[in-house]
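Noted in TrEMBL for the protein shown:
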DOMAIN    7-124  domain 'Response regulatory'
MOD_RES   59  4-aspartylphosphate
DOMAIN    153-373  domain 'Histidine kinase'
DOMAIN    402-521  domain 'Response regulatory'
MOD_RES   456  4-aspartylphosphate
DOMAIN    550-660  domain 'Response regulatory'
MOD_RES   600  4-aspartylphosphate
């Protein structure tokens, strides 16, 4: 039997009643009470305010003062201790006064030796436990929010100077001045990127600890995926004179359903570690299927001929900040976060990361993941031809059906349209949710509803969330697939809940798109007649656009602003710079509109999101791109119509993709 301890404050001026109450408490099973006895209201109030008790038993009559007054004063002082009022009087109205003053129960002293007294004490203790648990939970939530804010601020403060370090280094490497110092500049760039990877690891670990890291699975063409990992790490192996080998020991599915980004992160981390701690020989990546039926998993093994790990340290290396190199040498760098992150990622993918190692011989890290439904997926040995499935969709069966593509971005809309046409689909387009709603209504009126709709979530006029609600209200039953760049936790669940049939993430993978379309269109018998696109005229009516190269940069850090401006100018952009919110608003009032506004979220006079709201009032159609040192809540951006966020540090590649 588990014995619970509890502290009780007994406020009683009669010694006989104190003894009687103490004896009754001692007979309560499962409890061991630490009783503190006081005899007057002043002592009672002082104890309730300054000490911590689980419950208080308070006599109604304490000399000249009533226990009700103690109750009222304790309530005013925000005392959280549950108080049970005890009285020797038989006035039934006293219980109402006691409960109104804040008591959790009211008992006559004649009931102290009865079951009712025991029930009242147990109830008060349970209530106190629940209150403490709630307060602890609120305290923990507050601490977590504070930690999240701190990490976001720390991330921003670290990424801002990294923007200058990496940006100026890239700029110098591409200039004529780089010839004499190319080696030194490459060292700076390499170490800057290493610092950035450490920062990303810390943030990943914090997301995992807070359960804010969400997997975004999609269809993966296995051999081309593995080829990408191989070619990325082959150079590292060659630099050390090692051989990097990839092989399969069983037939593998051509495609799997998993989070490509996180699976790549796991393989790169394990393989990079193997290369780092191997001085001669080879590193081998092995793939195989294990289990059968619904329990079948895809297993990976990364084996090296390196220094190995002593048996006593095999478990500790999976803990954060534990470093393999501490075992033998400090020659290699690292924060010891990679394996801890990999362990958690593998768990989220349905497996477990394990290691076998022998000092002086080498190590083998193994894990397995759930590959999704591969019942009808063809299998083959790993061909390891990077281009083997690059154009796989060209040889897949032609689809049939009538599809509506909805996206406000003209280039993306036409890209998806052309891909769908290549799949054999009759394809129409709409540039926002309102036009899509009208087209769906027309198709239903003509008794030829679309067989499927691909709809962007974030659009002007009417976004995808509002559009899907109205389309479903029409009685439109065909599949509607959401297309979004917001791969945040809970997004897919919320989109499915409001009526979408499935979710695809940008940038769209051609094969993943084909597989999704074929899933929903496979059983449809479609007409071969090609209808004209009623939305074509709308799409061709483009107002004169401002060049995206005309940019307003809002950044308070002088060095970061200067290097970002130089990088943008090297790409042919015209850049105006504002150091704070006031300068930004002044420039906007004197300028019709900029092609893009790059907006730092941490400004000295106003936070970036509040400034974005003011920019929207001046220029509702302004294309705002948020620049931040930490991940930004996409829901907050959606409210302001912001579709893009760049994570510091900025570099040439990020800025180039922004302009094109």
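Please read every residue number as a count from 1 along the shown chain.
Even glycines carry a Cβ here, placed using N, Cα and C.
Because the structure is a prediction, the values reported are computed rather than measured.
Overlay of TrEMBL annotations on the structure.
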residue	record	contacts (Cβ under 8 Å, 6+ apart)
59	4-aspartylphosphate	11, 12, 13, 14, 17, 67, 86, 87
456	4-aspartylphosphate	406, 407, 408, 409, 412, 464, 483, 484
600	4-aspartylphosphate	554, 555, 556, 557, 560, 608, 627, 628
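For the domain 'Response regulatory' (402-521), the most Cβ-contacting stretch among 7-124, 153-373, 550-660 is 153-373 (pairs under 8 Å).
With DSSP states grouped into helix (H, G, I), strand (E, B) and coil, the domain 'Response regulatory' (550-660) comes out at 47 helix, 24 strand, 40 coil. Under DSSP, the residues of the domain 'Response regulatory' (7-124) split into helix, strand and coil as follows: 54 helix, 31 strand, 33 coil.
The average pLDDT the prediction assigns to the domain 'Response regulatory' (402-521) is 86.
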